[in-house]
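The annotation domain 'Major facilitator superfamily (MFS) profile' is assigned in TrEMBL to 15-428. The transmembrane segment feature in TrEMBL is assigned to 16-38, 50-71, 83-100, 106-126, 138-161, 167-188, 224-249, 261-280, 292-309, 315-337, 358-375, 407-424.
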Amino acid sequence: MESPAKNTQGIGQPSIVHALIIIFLEFFAWGLLTSPVLNILHETFGDHTFLMNGLIQGVKGILSFLSAPLIGALSDVWGRKSFLLLSVFFTCAPIPLMRISPWWYFAMLSMSGVFAVTFSIIFAYVADITEEQDRSAAYGLVSATFAASLVISPAVGAYVGRTYGDNLVIALSSAIALLDVLFILVAVPESLPEKIRPASWGASISWEQADPFASLRKVGQDQVVLLICITVFLSYLPEAGQYTCIFIYLKEVMGFNEEGVAKYIALVGVLSVFAQTQLLSGLMRMLGNKNTIMVGLGFQIFQLAWYGFGTQTWMMWVAGVMAALSSINYPCMSSIVSNNADADQQGVVQGIITGIRGLCNGLGPALFGFIFFVFDVDLNKLDSPTSATNKTLADPTAQSIIQGPPFVFGAILVILALLVAFFIPEHSSKYDHSLRSSAKRTLMVTEGGEEPLLQVDSDNP
């Protein structure tokens with residue numbers, strides 16, 4: 001593992017604390033907007049809220065998928081700091097537009113997907129400064145910080161909005177986003193070692209490195225990353241759809257009020273912090289990477305099925321607990337990929353995983369929105385306390401068997417992901433050999449042709 005070169009720009013040496021602060025501030029700013037976003041979605045799109053929310057998030061996700069490999073490759077060559085700055089700035093840029101013009105806000109939100117790759121750059125940043133044996137715990141800490149940022153921010157946003165109005169919430173969120181940008185600009189040092197970076201910004205980047213479809217084609221060259229990418233796709237597709245509609249679902253279908261949604265998010269956030277720190281570390285020690293992923297997928301299957309078939313409020317709380325426990329999946333999968341990649345490939349491999357997630361962020365919300373639309377979940381019919389849905393929840397004889405069809409479909413996809421994960425090898429040659437020479441090679445391409453993304457021993461199945 002290369003130790004980062006000393007950098008006069010920033011405060012101190014690169015550390016995981018810098019990464020945690022960046023993640024916390026960005027998602028705390030967005031967490032404050034949970035209630036205002038729900039209100040504006042409903043005011044703007046009415047009975048097409050689920051469908052339009054899915055389409056907006058879908059465009060954002062597709063753009064993230066297209067841009068993630070390029071940004072990851074560029075960060076491997078030119079360093080992480082500049083791309084952290086770009087990612088956070090453009091991801092948060094739509095926030096002030098929320099009250100100026102909802103239509104401009106939603107348009108900018110969709111387009112911000114081009115730079116919505118903060119997690120991949122952060123994970124590459126952490127990989128630069130941690131040893132392999134510490135990386136799963138470090139990634140878990142980053143994901144736990146993301147969850148922690150959502151523990152109180154929705155409740156704070158709901159309280160401020162109820163007391164002083166949504167305009168103040170939007171202003172507060174914008175200020176925190178600006179603070180995050182300034183923190184990166186002033187306090188965050190570069191993590192990528194000097195000898196891995198070229199001498200100047202004039203270094204060339206080939207189209208092959210930037211092409212997202214080329215990156216996906218390269219996935220097939222390595223068994224480990226191929227299986228992980230398939231697992232990520234099948235498990236994150238329903239998670240992406242769920243993430244963008246669950247709060248609307250709880251409020252409009254299951255009868256949660258704004259305070260109830262905020263409490264729900266807080267519970268899931270607190271339990272996610274526990275899951276991604278204490279639980280993840282314990283499972284990794286006892287079961288290893290592969291089996292930990294399978295446990296997490298089991299939790300995900302349970303929570304999606306519970307959301308899909310649940311008809312009572314308490315069932316949603318149980319599903320939320322399972323959702324928090326399933327949050328161990330992403331840091332664990334990212335750790336396997338990172339541990340098998342060389343120092344100058346961290347941005348690329350994390351970019352590929354983020355690209356797969358970006359593709360899911362495009363397809364998942366659109367898929368969930370379409371399924372809700374097909375099953376005629378009309379939000380205009382859900383506004384009244386005497387709505388058909390509330391009658392249904394109160395009268396078990398009037399219930400449909402499947403309360404949330406998209407969640408049931410998602411559970412089926414995760415069952416397939418669990419079957420794929422079974423074939424992920426527990427170890428690869430990176431654990432047996434010290435292959436650290438790729439800093440001397442051109443990124444992902446050698447004179448003899450393409451090289452596998454990860455180095456896997458031929459003896460492995």
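Any Cβ shown, glycine's included, is placed from N, Cα and C.
Heads up, TrEMBL stuff is auto-annotated, nobody curated it.
Between the transmembrane segment (83-100) and the listed ranges 16-38, 138-161, 261-280, the one holding the most Cβ pairs under 8 Å is 16-38. Sequence-remote contacts of a segment are chain residues at least 6 beyond its ends whose Cβ falls under 8 Å from one of its Cβ atoms, and for the transmembrane segment (407-424) they are 224, 227-228, 230-231, 233-235, 237-239, 241-242, 290, 293-294, 297-298, 300-301, 304-305, 307-309, 336, 367-368, 371.
Away from its own ends, the transmembrane segment (261-280) comes close to residues 31, 34-35, 38, 136-137, 140-141, 143-145, 147-152, 154-155, 157-158, 247, 250-251, 292, 316-317, 320-321, 323-325, 327-328, 331-332 of its chain (Cβ-Cβ under 8 Å, at least six residues beyond either end). Using the rule of three or more Cβ pairs under 8 Å, pairs at least 6 apart in sequence, the transmembrane segment (358-375) is in contact with the transmembrane segment (224-249). Per-residue confidence over the domain 'Major facilitator superfamily (MFS) profile' (15-428) averages 79 (mean pLDDT, predicted model).
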